[in-house]
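Peer 1: One structure, as structure tokens, below. Some questions next.
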Ligand code: WT7
């Protein structure tokens, strides 16, 4: 195998590096040798109400305890907004670009402060107190950030639910955390199409009697249903509210937000992040990984419904006093040049997106990119799934013209912030590798028995020690937290990812090793899709696996066994696709459904997913050992009728 090419730090970047290779090494070494001292210093990037004297209090064994800065107090909204006012009241905080290229808005720190205070007072008037949960189901408009920060201001815990999720999914997420208040909009707007957010909320709330207040932002002016007493227009309520709202003093370990994410089993879990450590880590990683410099325009294309939007559209950039661009639309509307048109229009310096978007745009050729100058760009980022070297090189050559370092950032909802990544001024790049650990991060690769593997190797990716942005628990289910992340390999956090470490110590994430799939950067549990399928009256059994997909990274392949006597029709296939969309949301749309008279099971009844994954990948020549199957004959049928023949 030819060794992959190495791209050194471009000389122009090296000349201005704040963290060069030597400094990275020294800082990294210090962060591992003396985490307490290192993070004690880093914690000071925030303004604390009562300074911490304790830094790290972590035990990965037994019940698992993770605390950072725990005797300090602060407020996250204060750190993201108020403290910048003396110097930045007139600086743009949120640069909003609408779905329609003719629409944009510059929101200054001063304006944002007022909007947040007014909304916080509306929440208080509706009875929201410190510790209460508020569900946010919003399009990509500045009010989504105000909603998050208004919660943080008064100590309420926000749970943002991605606007692409169905009413069914919304019900589960509202009920799990007992929200009594929902903040939404009449409709969202994406790619010229309307998303019926308020109607979805109305449908969900039929099953959530505890919700007494719905605050509705008027985005499109579309017609919506109205529950008198429960529903209130954002613009009316905030106009009537006071613009003064003191911040709540929070302990560093008070919850900041819950974000639901899929796991290998069961319902999505509420990942809980707390205030101090999370914000220190989001702020520090934003500054170091994106090399953010005062006055620059920074654009992360994620949705605030995902952790990327939390840490790298809202909390990290705003904690750093940055100008963060928030984009309502999609990469291919009105056409495939949109991203680069926006880059030129707003003179974007730092651009952070997902491999699936890069692959989709790559397919459109170079012309849409070349239509824009992109001269303002100096740094590119990638997140959400492994980026294949071909897409990486296109991003590097065509978009960045060989001038802009690419930071391929590996992290997870659970990690709160970036853990494995290049630093633009310090790290020679290898296309497809997330490269090296961030400060304080101790990746280890273990075999299936938990033995540490040294040197160049491949196995399960774990983290040997904590970092301040780490999740603290699964909301309402600490036992599940311990079982999911700390029981497979004792004394370590298990990521669920596989990784290879090369001879230079660079990490190459190989993808999930559990039953989680990553479809266009969206994380889905195969178990969730299976339970949606079997909820259909005609479905007896279902098994879902991922398979390689050119644009989406992974596609969704479902094997479905029908109830005896039901006919395997095209109509039913379409109906099941719609059914899953309705149960979970469009992101879970099955790509391929294969009728399976039987599923390959062991004699103890366990479905052998390894075999299903091979057939779905059209690698049925390499099925491996099938001798332990209860009925080896089912495999021939599945291979013969496989759906992916690519
Ligand atoms: C999973 C986490 C991190 C925010 C967005 C996704 C995969 C993420 C990379 C990357 C390879 C990546 C992993 C991880 N992943 N970034 N740069 N290279 N894989 O957050 O929904 O919690 O998903 O996304 O498999 O475990 P998430």
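The backbone N, Cα and C atoms fix where each Cβ goes, glycine too.
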Peer 1: The ATP site in TrEMBL lists 384, 385, 386, 408, 409, 410, 411, 412, 413, 497, 523. Which one of 374, 378, 512 belongs there according to the record?
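Peer 2: Looking through 374, 378, 512, the residue TrEMBL assigns to the ATP site is 512.
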Peer 1: Helix, strand or coil by DSSP: which one applies to residue 308 (CoA binding site)?
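Peer 2: DSSP assigns residue 308 (CoA binding site) to helix.
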Peer 1: Ten-angstrom check, please: count other Cβ atoms within 10 Å of the Cβ of residue 413 (ATP binding site), all chains counted.
Peer 2: 19
Peer 1: If you measure residue 606 (N6-acetyllysine) to residue 411 (ATP binding site) at Cα, how many Å is it?
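Peer 2: One finds 31 Å between the Cα atoms of these residues.
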Peer 1: Including all protein chains displayed, how many Cβ atoms other than that of residue 534 (Mg(2+) binding site) lie within 10 Å of its Cβ?
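Peer 2: Excluding its own Cβ, residue 534 (Mg(2+) binding site) sees 14 Cβ atoms within 10 Å.
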Peer 1: Of the binding-site residues 332, 386, 411, 413, which ones put their CB under 6 Å from ligand 1?
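Peer 2: Near ligand 1, sequence order: 386, 411, 413.
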Peer 1: Does residue 411 (ATP binding site) have same-chain partners at least 6 apart in sequence with Cβ under 8 Å from its own Cβ, and which are they?
Peer 2: 383, 417, 418, 419, 420, 421
Peer 1: Using DSSP and collapsing to three states, where does residue 191 (CoA binding site) fall: helix, strand or coil?
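Peer 2: DSSP call for residue 191 (CoA binding site): coil, neither helix nor strand.
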